[in-house]
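The structure appears right after this line, and notes come after that.
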Amino acid sequence: MDRRIFGLENEYGVTCTFHGQRRLSPDEVARYLFRRVVSWGRSSNVFLRNGARLYLDVGSHPEYATPECDNLVDLVVHDKAGERTLEGLLVDAEHRLREEGITGDIYLFKNNTDSAGNSYGCHENYLVTRQGEFSRLADVLIPFLVTRQLICGAGKVLATPRGAVYCLSQRAEHIWEGVSSATTRSRPIINTRDEPHADAERFRRLHVIVGDSNMAEPSTLLKVGSTDIVLRMIEAGVVLRDLSLENPIRAIREVSHDPTGRRRIRMANGREASALEIQEEYLSKAQEFLERRGTDAVTKRVLDLWERTLRAVRTGDLSLVDREIDWVIKYRLIEAYRARHDLPLSSPRVAQIDLAYHDVKRTRGLYYLLERKGAVERVAHDVQIFEAKSTPPQTTRARLRGEFIRHAQEKRRDFTVDWVHLKLNDQAQRTVLCKDPFRSVDERVEKLIASM
């Protein structure tokens, strides 16, 4: 597919502390965070004017699902708009706490693990056609996804029985299957639950749940952009060498524990290869493929960053990407802090730095401190992100949903929406079914809006 629908869902970690002590349970914090949402949406599961979905997931994790985007820059912008929306809820909730005489700070973390060892996810969605075998898609993708953390992991200090280690990925320790229909109990790499949120005869939604939540915008661009290119190669019938792994679940942990990318992992055919070699194989095929096909500026940026990141890992010169790739930015931050204060990697103060990198409150989070200092590269502009909080992408179905919600709210009409349905809850119960996610103009929706 030359034009694809993308979407990102991020679950956020939440806590409330007072002088370092836990003040409210996650359930209570979530209630404060969502009080404003519930007051206008009558639910903790709502769609917003920008076409996104905001809801409270299992285990009191706020989750933000971006609207459908058909280009990577829009996706990065809307992913960041989700952070800003949640930051707004956080500021509101803190005001309410103060009004009720409760002292404490609320923290929202865009990360994937908490101190108790629980994991929550960043789920990537890619629209693919029904043609071709889904199992072949998964077979080719799994070695790519297992090793992809080398180019876009969020980084993590992991406590192990042998001491603390710096890992590439937060999510790797929590993945237990290759392909499965579960998302929480067994946590596969690819989730196979068949919910296309589109015409099921034409489309399928590839649901990847192995990735980390990224703070750095270029890391998000590379995570989704590289995966899109691999999908395009599979769809075009490019012959890719069989890189199947003997045990993907063991391999994903081995890769995560080795930021040099050199550790040998066993292939299904009995040979061995490193994560670096596997990624270089995918990259070289991608470069050949796009040389023949031609490419746009954003795809060029993805290829350039992919190549530079692998070169940085291969040569050990991390300065090549220390403004763009999360695990490298965070590693540099932690190493500088350790050197300044003469601390071991296992120090609780280092764990604090690790966590503070993911704090979405811009006046407090360490990633945003680096952004203010101009120490990280950007993909989006702040104005774009601000606008995306209330404006949907203009080239996908999200535009129809966003316009419908905006008009219904302005006219104070009762309505129900999901990814495909737009419904006015009046006597006639008029409903429009929007099965084509690429369609941003629809006379039926315009009529429904005009009738309000």
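Numbering starts at 1 and runs along the chain as it is shown here.
Cβ atoms are placed via backbone N, Cα and C, with glycine included.
Cross-referencing E9, E100, E124 with the Mg(2+) binding residues that Swiss-Prot gives (Y55, E63) picks out E9.
Site annotation for ATP in Swiss-Prot covers T66, W419, and the matching candidate from R53, R412, R430 is R53.
Ranking the recorded positions R53, D57, T66 by the distance of their Cα atoms from the Cα of E9 (Mg(2+) binding site) places T66 first.
R53 (ATP binding site) sits 8 Å from E63 (Mg(2+) binding site), taking the Cα positions as reference. In three-state terms derived from DSSP, R53 (ATP binding site) belongs to an extended strand segment. Cβ environment of D57 (active site, proton acceptor): E11, E63, Y120 lie under 8 Å away, each six or more residues apart in the same chain.
Mapped onto three states, the DSSP output places E9 (Mg(2+) binding site) in strand.
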